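Going by Swiss-Prot, these are the annotated features:
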BINDING   Asp87, Ser89, Asn91, Arg93, Glu98  Ca(2+) binding site
DOMAIN    74-109  domain 'EF-hand'
SIGNAL    1-20  signal peptide
Amino acid sequence: MKFSTVGFLFSTILFKSAFAGWMDTHMKDEHHIDKYTDESFFRLHDLGKKGYWSDQDILSLYGLFENDEVPFVKKNEVLVDVLKKCDPSGNRRITLDEFLAFRKNGGELTDFGFPGHHGDEEEEFEMHHVEKYHPAGLDEPDENWNHPEDIEHFQKHDEIFHGDKKPEERRKHFVKYNNIPDKYRRVSI
């Protein structure tokens, strides 16, 4: 049986991606980084540059720190799992040395189904949706901002800025009736 070089490379890529761990997937999807060291992974996720991962760092790594939609029980499950694997001293602080030892022994962070996030919703929308579907950013024509994600995102903005006001109430602020020429004004009957 003969394999071509292209076939071999293709099967290697498929094999690697099928068995890529959560950390690899996270680094590629969240940070657009294909190659990294365990030390660079650790330092990138040590958000306060303290020299250790705190509970906040772990939850942020998984995108759970500012996520109110995930129940406390699930957040706690993630914390317990990561601390159990990476914190042999039991002080709830994972140092670089502890993390490197965990990785050297073949350790892999568990995939809980969360991609991992580092910023607020705006940053995440910008990073994952705008970069992918709107490469021109704000210079993109309005008619291109029509994906379900766009609509949902801008509806949230409307809710934040306008609250429970009805659309008619919101329009009052945008229309300056004094600037409308008489010939275009409605005449009451």
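Cβ atoms here come from the backbone N, Cα and C positions, even for glycine.
Locations of recorded Swiss-Prot features on the structure.
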residue	record	Cβ neighbours (10 Å)
Asp87	Ca(2+) binding site	19
Ser89	Ca(2+) binding site	9
Asn91	Ca(2+) binding site	11
Arg93	Ca(2+) binding site	16
Glu98	Ca(2+) binding site	19
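Per-residue pLDDT, averaged across the domain 'EF-hand' (74-109), gives 96. Neighbours of the Ca(2+) site: apart from Asp87, Ser89, Asn91, Arg93, Glu98, residues of the same chain with C-beta atoms within 8 angstroms of the site's C-beta centroid are Tyr52, Leu83, Cys86, Pro88, Gly90, Arg92, Ile94, Thr95. Reduced to three states, the DSSP call for Glu98 (Ca(2+) binding site) is helix.
Look at the domain 'EF-hand' (74-109): DSSP puts its residues at 22 helix, 2 strand, 12 coil.
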